[in-house]
Amino acid sequence: MTTPSNEQVAAQEQLHDQFNDVWGNPRGWKSLTIVNHTTVGIRFMLTGLGFFLFGGLLAMLVRTQLAIPGYDFLEPDVYNQVFTMHGTVMMFLFAVPMMEGLAVYLIPKMLGARDLVFPRLSALGYWCYLFGGLILCASLLLGIAPKAGWFMYTPLSSAVHTPGPNSDFWLIGITFVEISAVSAGVELVVSILRTRAEGMSLNKMPIYAWYILVMAMMIVVGFPPLILGSILLELERAVGLPFFEVARGGDPILWQHLFWLFGHPEVYIIFLPAAGIVSTLLPVFCQRPLVGYRWVVLAILTTGFISFGLWVHHMFTVGIPQLAQAFFSAASMLVAIPTGIQVFAWIATLWVGRPLYHVPMLWLVGFLVIFVCGGLTGVMLALVPFDWQVHDTHFVVAHMHYVLVGGMFFPLLAGIYYWLPHFSGRMPSVRLGKWGFWLVFIGFNLTFLIMHWTGLMGMPRRIYTYQSGLGWDLPNLISSIGSFIMAIGIATVLLDIVLHFRFGQKATKNPWNADTLEWSTHLPPSPYNFVSLPPVRTRHPLWEVPDLEERIDRGEFALTVIDHGRRETWGIEPLTGKVREIIHLPGNSWWPFIASLFIAFTCLGLLSKFYWVALVASIVAVLVLLRWSWENGAHPLAAPDARVQPGEPPLHSRTCDGPGLWGMGVTLLANGALYLALLFGWFYLWTVSPNWLVPDDPVIDQRLLLASAVLLSVVVLWQRPVLRRLRQGQGEPAALITCFVGTALLGALHAGLLLWAILAGDLAPRATAHDAVIVVMLVYSLAHGALATILSALQALRVHYGYVCKRTPYEPLVVEQFWQYSLAVMWITYCSVVLFPPTFGGV
Amino acid sequence: MQPLRSPYNPIHIPLGLVLWSIWFVALYGGLSVGCALAPPDPAQGQWTWLNGLLALFSLLTMVAMLGLAWLFQRAARDQREGQPARFVARLSAGVNLIGAIATVFVALPTLSLPPCL
């Protein structure tokens, strides 16, 4: 390697300055506008850390209360709030956002991209997470926190048994936070599939990206059932629609189904990215590739799917037929096999490598020990008779903590120690790191290993105190002592992390001799990650091209021209990694912050029952989101200069297959999961609700519904040939405007008819669950029809302004998917509400 | 991008487990609906029309998945295709095979337990 001349160094610095002009982060108030994935990822993780400390403090309160029998440190009502909030905060405000934050930070760097594909969506997700989390936590400080357990079982969480706003904080706050989770899920899926380095085919993708791809897809499909459940329960509490109340035709078990349809995959949503950290770090510390890459990919996919088939194992005691229990028991045992494949791949990697036991490796070994134990008690709990014995005892609490702390927290800390030099450019202290690990490891096992026995001795979970003489005194005291040792360990780790920013040794380049691309950025990284985008021909780019960082820095690779002012990264073909287009990314913006602020006002309006405030705030939020969408595609603010260098592919907004199309597709997948959960609720109540009330006459004008559905079909059929021509590079503005104005008018008519059908019907949604579900289904269709209408009207306006034309055909194709989805939903709703009931004893 | 019907299209990677998921929901839903509409006599034990139907449905699903696994595995052996394409085909074959195994394992209790108790 030759030393660069002064001129070369100056040119290199000038190039970096140009990139900083376009990608740089503002300071002060304007830092609220930052959308860059590095900053957003770090914000997610720091906020997650804050919520973790809050949740940890609550755990300390719980353990203090349970340390000795008959203790009155916490009032029963406060205790209920504290344990509910501990679980809620740890699951929703720490575990998932922390893992997403790490993925948001790492994925573009590992894939050789400059940013995630929808940076403003990342920013929106972060602000929703922050505001939602703060609203939820504020409830505890006000003494009105949720207190029905982190899974909010009805009827305990209903308005009858928990009056006051306690449960509302959970239902509204968590739904708000879940906007963040789902938006990050969509963002990560599309980014992994479409913005990798040139040549990074699927088989060369870093294993961590596979884990995150599956995790993100699981979020997209798994979170919507809970969002739906939360909306239904809030409607029941606030408006009196009886989805879960037996007397009016509902069923509380429906809540359990909806919750656990989310809740069990949630465990794997947390575990998979943690396992991804393990599969990334072990090969580095063994200095050899992961054994069985393809087997591990297969295991990740299998875990992701089968984890959706286990939800009823949380409900073994509710009276489900034995055969159904056996299906879920078998699936619960089955999921241990792909996890086992990963464990054996890790052991084999350790076996054939030469492991170096740095601090991250301690956490990895701790993970292996604890997680395997937690997995084994999981297999025990999958056995129905054993589950009946220990259901709702401390045994389950101990198992859950072995799986979640062992399976998520230990790998997370391994990852944090590993990537700490990346975040800060400095190395942590080995001595403090080891002290921290051993204190946490010993404290954790003292707390939760003992808790298995406490549970086997019959101590139920969620009791605020217990009598002496039941044999629970000593194990509880030991668990409490252990938990404080664990807390001291965590404090030691935090101290190490804080001190390293000032006293840590400066990190050398690629300090662990890692193989993945994130270590080829600066330490800490610049906002654009890579000044030139390198091609990737191998799964281990830094092992096979050791001087890659210098070459990237010198601008030897692609997309180094930035005088056009655009933020750019490659758009690739998902399988082969061949470059297809240049994706131009939006820059910093106030819109995500403002939109989330108004969504927060909506939530506060709902919580305080000032419904007019909520309505106005939600309308403003929608208007802000639409205004945000205006600066898109071929808008001058989105792509100030549309020219590309000779030989380069076109900008994505000038193609028919940009990332927005994929983003809409994945979003509709999430939306479809929500709708399917609603359909499941409808058919479930028809089949098993103990007091299902069917009206004697039709409650809705079926002709209006049919007319509305037919109109929607006409819209979609009208658009199809016009958009086909647009794809082929044809279509004059006048024809496009006619089509979009026409479809918007027909769409408005469709929505109007649907509204008429709802208002003119004999629906009594407060009287029966039957009518309540129909109302929700029709309002869902109405909302889609109305939104599609607005989007088409905006498209007509954009054709008028020249943002959409045959050279820029991108956006109408995205909107078309939304119309098609709305059509499918409308017809399924029609069949379910009008055609199905007569076949099942209804009208 | 490969055509949708090509065995090398990455969309097929999760196919086997998507089929498994649909089968699983149909199995549980079918059992619930069967028990709600026409519950077999408990005295019949596991030898009921409902068990038979669920077992047959599971068998057909498994055979379909094994067939798909074979098709994808055959495609994966085609040396004319590039490494990424063969990787996808092999992965799809594996996922289908796992789907088939999972179907048999989860459906086994239909041969030993009465349906609606």
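Placement of Cβ uses the backbone N, Cα and C atoms for every residue, glycine included.
Record features (TrEMBL):
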type: DOMAIN; residues: A:29-537; note: domain 'Cytochrome oxidase subunit I profile'
type: DOMAIN; residues: A:579-839; note: domain 'Heme-copper oxidase subunit III family profile'
type: TRANSMEM; residues: A:127-149; note: transmembrane segment
type: TRANSMEM; residues: A:169-190; note: transmembrane segment
type: TRANSMEM; residues: A:210-233; note: transmembrane segment
type: TRANSMEM; residues: A:267-286; note: transmembrane segment
type: TRANSMEM; residues: A:293-314; note: transmembrane segment
type: TRANSMEM; residues: A:396-420; note: transmembrane segment
type: TRANSMEM; residues: A:432-454; note: transmembrane segment
type: TRANSMEM; residues: A:474-499; note: transmembrane segment
type: TRANSMEM; residues: A:590-607; note: transmembrane segment
type: TRANSMEM; residues: A:735-760; note: transmembrane segment
type: TRANSMEM; residues: A:772-797; note: transmembrane segment
type: TRANSMEM; residues: A:818-840; note: transmembrane segment
| query | For the domain 'Cytochrome oxidase subunit I profile' (A:29-537), what is the mean per-residue pLDDT, to the nearest integer? | reply | 96
| Is the transmembrane segment (A:267-286) close to the transmembrane segment (A:396-420), in the sense of at least 3 CB pairs under 8 angstroms with a sequence gap of 6 or more? | yes
| message | Which range wins on Cβ pairs under 8 Å with the transmembrane segment (A:432-454): A:169-190, A:474-499, A:590-607, A:772-797? | response | A:474-499
| Excluding the flanking five residues on each side, which residues at least 6 beyond the ends of the transmembrane segment (A:772-797) place their CB within less than 8 Å of a CB in that stretch? | 232, 235, 241-243, 250, 626, 629-630, 675, 678, 681-682, 685, 699-700, 708, 712, 715, 736-737, 740-741, 743-744, 747-748, 750-751, 754-755, 757-758, 763, 765-766, 804, 811-812, 815, 818-819, 821-822, 825-826, 829, 832-833
| Within-chain partners of the transmembrane segment (A:169-190) [C-beta distance under 8 Å, separation at least 6 from its ends] | 84, 88, 92-93, 96-97, 100, 103-104, 107, 116-118, 121-122, 124-126, 128-129, 131-133, 135-136, 139, 144-146, 148, 152, 157, 212-213, 215-220, 223-224, 226-227, 230-231, 233-234, 237, 599-600, 603, 606-607, 659, 662-663, 666-667, 670
